[in-house]
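For reference, TrEMBL has these:
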BINDING   Asn32, Gln88, Gly94, Gln95, Ser96, Val97, His103  substrate binding site
COMPBIAS  134-146  compositional bias 'Low complexity'
COMPBIAS  153-162  compositional bias 'Polar residues'
COMPBIAS  171-187  compositional bias 'Basic and acidic residues'
DOMAIN    7-114  domain 'HIT'
REGION    134-203  region 'Disordered'
MOTIF     99-103  motif 'Histidine triad motif'
SITE      Tyr122  site 'Important for induction of apoptosis'
Amino acid sequence: MSPLTKDVVKFGAFVVTSQVFHLTPLSFALVNLKPLLPGHVLVSPRRSVPRFHDLSPAEVQDLFLTVQRVSRMVERVFDASALNIAIQDGVDAGQSVPHVHAHIIPRRREDLAHAGGTDAVYRMMEGEQGDLGAQLRGRAAEAEAGAGAGGVPSNNDGQQSRARFPAVDADESRKPRGEQEMQKEAEWLAAEMAGDEQSGRNT
């Protein structure tokens, strides 16, 4: 298995090249380390900027066109009936990695009934389950412990703690996914994106 690109792709301070399944000149889409629901992916600008207002007009256009294309594919392949599309713009909005990113979360009727209903996804995003920064720092620490100094860099940017709300899903046994599992999903979704482009579904 090999990543979609030989270029190093960073999400904030973290190298995520093997998780990337779609690239444009200005944006990328990647699978999630610990998705809130199956098919939860992220779309981000290639240039690492913390806030939405930092993006150029061309980056905004490309980001949202990429979100639209990826959303169409994700809804289809995960057999969803709806989507949550969200940007946590700044620490006080729950952003944990200082790099603009849109969450795309496939939804089905009553998929979160056990967690309090449809809107539980917002509490999940803002709680520990949605803390991408903590998850990526944990992964980086594991990689550094296993590979010496060759691990993924951690995010020591001095950013203040993000907004915290109680986590909805109390299942702490749910662990972040391994590199091989994420890369396999990235390759599958890359093939689905390519198929959509060939068939004209993403035009």
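Glycine is treated like the rest: Cβ placed from N, Cα and C.
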Integer Cα-Cα distance in angstrom, Val97 (substrate binding site) to Tyr122 (site 'Important for induction of apoptosis'): 17
Rounded Cα separation (Å) that holds between Asn32 (substrate binding site) and Tyr122 (site 'Important for induction of apoptosis'): 16
